[in-house]
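In TrEMBL this protein carries:
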ACT_SITE  49  active site
ACT_SITE  52  active site, nucleophile
ACT_SITE  262  active site
SITE      237  site 'Linear diubiquitin binding'
């Protein structure tokens, strides 16, 4: 199995290898990497398929997990596929990567298994005390393709569930985050059914996560996703937070992108940053 997240490499060494020229873009990227290197010593490359935003986020969340998030502990967590299927007939059109062409009626048990797997892996890894052992457990998980892709299917389903909750909250006059309006203001996703058909079903096959879906992922996981967007160096958007008004108690994961399409992982916080 090839590792989905490559071993560590010195961040400036990586930058010099990738961005040699004297073009304005190369200069900006080097400046961006220099800024990241103030905080992090190394980078891990993430396999570049259409799951890379999910992969980078989940890898970071698991590698620093010290407890099981409360939403993973709830009793009805694993009942989500059944509960949603009983309320929304259109959910039967949900697509699984490995099972294209099979409908939700047949696959809700599999999604339940994926949700149980997510809970189990998160619990096991969060209970590992030593940082080296924890990292090894994450590397092992992200070498196991079948398990890894099952976890992404679980995350996508959680994103759908979160979108349905936000959509219903808005319709019922409750306050929702701004991104939720943007999510449902798109012609291609004016409601959760369209979001599923035109976006979520395609993640991992023909497309990755768009900006507004990064917010949805953050809400689904109840994590703040902090992204160094290198091509935005020296602008207000160089470091972007999803969501931009995060809850105080949400843990933070950090990613790096050069183009808002592919995400890598910065690791090894520099000592002075930690102090």
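Even glycines carry a Cβ here, placed using N, Cα and C.
Annotations in TrEMBL come from automatic prediction, not curation.
Note that the structure is a prediction, hence the values are computed from the model and not measured.
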When a 10 Å sphere is centred on the Cβ of residue 262 (active site), how many other Cβ atoms does it contain?
18
In angstrom units, rounded to an integer, how far apart are the Cα atoms of residue 237 (site 'Linear diubiquitin binding') and residue 52 (active site, nucleophile)?
21
As a test of the contact definition, list every same-chain residue at least 6 positions from residue 52 (active site, nucleophile) whose Cβ is closer than 8 Å to its Cβ.
46, 208, 262, 263
All-chain count of other Cβ atoms within 10 Å of residue 49 (active site):
13
Including all protein chains displayed, how many Cβ atoms other than that of residue 237 (site 'Linear diubiquitin binding') lie within 10 Å of its Cβ?
11
